[in-house]
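Report on the following structure.
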Amino acid sequence: MADPVYVGGFLVRYDEPPGEAELFLPSGVVDRWLRDCRGPLPLNVNHDESATVGYVAGLQNVRAGLFCLGRVTSPKFLDIVQKASEKSELVSRGPPSESSLRPDGVLEFLSGSYSGLSLSSRRDINAADGAAGDAETACFKHVALCSVGRRRGTLAVYGRQPDWVMERFPDLTEADREALRNQLSGSGEVAAKESAESSAAAAVDPFQSDSYGLLGNSVDALYIQERLPKLRYDKRLVGVTARESYVKASVSPAEQETCDIKVEKERPKEPEQSHVPTESMSHPMSAVATPAASTVAPSQAPLALAHDGVYLPKDAFFSLIGASRPLAEAAGARAAYPAVPPPPAYPVMNYEDPSSRHFDYSAWLRRPAYDAVPPLPPPPVMPMPYRRRDPMMEEAERAAWERGYAPSAYDHYVNNGSWSRSRSGALKRRRERDASSDEEEDMSFPGEADHGKARKRLKAHHGRDNNNSGSDAKGDRYDDIREALQELKREMLAVRQIAPAALLAPAQLATPVASPTTTTSHQAEASEPQASTAAAAPSTASSHGSKSAERGVVNASCRVAPPLEAVNPPKDMVDLNRRLFVAALNKME
């Protein structure tokens, strides 16, 4: 049977509060739970109850925290560890030559693989106060060997002798060690009694797992975040620095420092070889790959001093860069600047070459230069001519000007700063427009704002294509209106030749008579009071004229009824034109 292995360490540190509330255990609660604890607690691997490897020989609540002393007794587990340690190159090297430790592959393998202790206890402190000491409601369930504990300061130290293990922790007093020895002897007597009772039958190994389960646990340990920084912090917190041990945590300083895990993450990497023997590692880590979960602090670049920099003007800086370009082409230069591309050579034009006729006249003057010169600046861009829409333009010409075609040889630049294009037939159409008769102008009446000014007619666009059928229909409608107005104009001219002698007498114009309204509805209302006056008037009009006077409208021949005009003659030419316009509107209706 293999020799047992003892493991010791703190399960709870009172000077280091945990980051999670469920892991907090006060000293008073620990004392109360220890009194209710019955029997030794099992010791397993990674809280796997099937991988029980021994038992907890002693639990002592000291000033620094809850200390545990366990014993690994499983032959199967120790045999697996022994075979695995023989395959490890790091373990096979043994302790350093200057160390007084004896080579022990099992202790070194356990110190590197299961470097922490973890206590399984009840989460609810209040509910655990009234719990009994049975296995179902016990306050402490078991202690596990793990890669790194969730509580800080729970570093595991392995050894073959219990006193040697307890001496690694400076926080334990002599009274604490004596109490642990008493618990260890009591648990040993209980274990001996149990082994004597089972001497008739083969002793059952508590380790029910296998090597595959241990391999799975080791793979899970690789994904623990910041495992090595936590182990370094735990080692300094516990104080396992001045005494040699098999702990595979990183190098710790010789003096005790204030522990802060947040500052520990930002510490620079410590040198692998130190001049102090107590600070050196038990085994060099040069041949071992760094685990995936570990983080290596990047090396900080030296800060630039004030006298390392020189201020230069921008022109001087660029001149230095330009002077260093020829040196960059030499062998071994650190940087090579790209060569400046030569300017493009212009094509040589031949006067007899038909393929070069599409080039403009400036291309005939270009010749390739003998030396590389900077490229010529681009020619100035001539703004496109702009011309307002000319109603005399054809559709094709107007579209060309609106799209902004460049001026051609048929254009000339006038003095007022605008472009003009000579079009065939333009002068002829301009003469026809200037010599147009009154028939091409819209009719205006006296009294209007634009009377006496020529107004252009609406031009019918009969020359458009079939796509402008809607515009042609609109032009035809304007032609009908124009013809009706021309007919009214001719009739009004005829009335002016006949009526002025009888209607525009000086005595009638001098008589202050109110001008009647020009609406047809008002004339109908005034027909009754004018009936008696119409009877006394001379009977020079026909019966048709008298009936029209009674109705208050103009007759079909545009001749004003004498009885109505005798009573209400027009006072001036404006009134006459208004009456004639009303008569024209009535005729159109």
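The backbone N, Cα and C atoms fix where each Cβ goes, and this holds for glycine too.
Sequence annotations record features per position, and here Swiss-Prot assigns active site, charge relay system to HIS47 (among others) based on sequence analysis. Taking all protein chains in view, 15 other C-beta atoms sit within 10 angstroms of the C-beta of HIS47 (active site, charge relay system). The DSSP secondary structure for HIS47 (active site, charge relay system) is coil.
What Swiss-Prot records for SER118 (among others) is active site, charge relay system. The Cβ of SER118 (active site, charge relay system) has 21 neighbouring Cβ atoms from other residues within 10 Å, across all protein chains displayed.
For HIS142 (among others), the entry in Swiss-Prot reads active site, charge relay system, with the evidence type sequence analysis. Secondary structure at HIS142 (active site, charge relay system), taken from DSSP and collapsed to helix, strand or coil, is strand. The Cβ of HIS142 (active site, charge relay system) has LEU41, PRO42, LEU43, ASN44, HIS47, GLU49, THR52, SER120 as same-chain neighbours under 8 Å, each 6 or more residues away in sequence.
The feature compositional bias 'Basic and acidic residues' is assigned by Swiss-Prot to 264-273.
For 264-283 (among others), the entry in Swiss-Prot reads region 'Disordered'.
Look at Swiss-Prot and you will find 307-326 tagged as region 'Interaction with pAP', backed by sequence analysis.
Swiss-Prot lists 421-478 (among others) with the feature region 'Disordered'.
Taken from Swiss-Prot, the feature motif 'Nuclear localization signal 1' applies to 428-433.
Under the heading compositional bias 'Basic residues', Swiss-Prot lists 453-462.
Look at Swiss-Prot and you will find 453-459 tagged as motif 'Nuclear localization signal 2'. Mean model confidence for the motif 'Nuclear localization signal 2' (453-459) is a pLDDT of 55.
The feature compositional bias 'Low complexity' is assigned by Swiss-Prot to 514-543.
The annotation region 'Disordered' is assigned in Swiss-Prot to 514-552 (among others).
The region 'Interaction with major capsid protein' annotation in Swiss-Prot covers 569-589, and the record cites sequence analysis as its basis.
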**Asked** Where does SER118 (active site, charge relay system) sit in DSSP terms: helix, strand, or coil?
**Response** strand
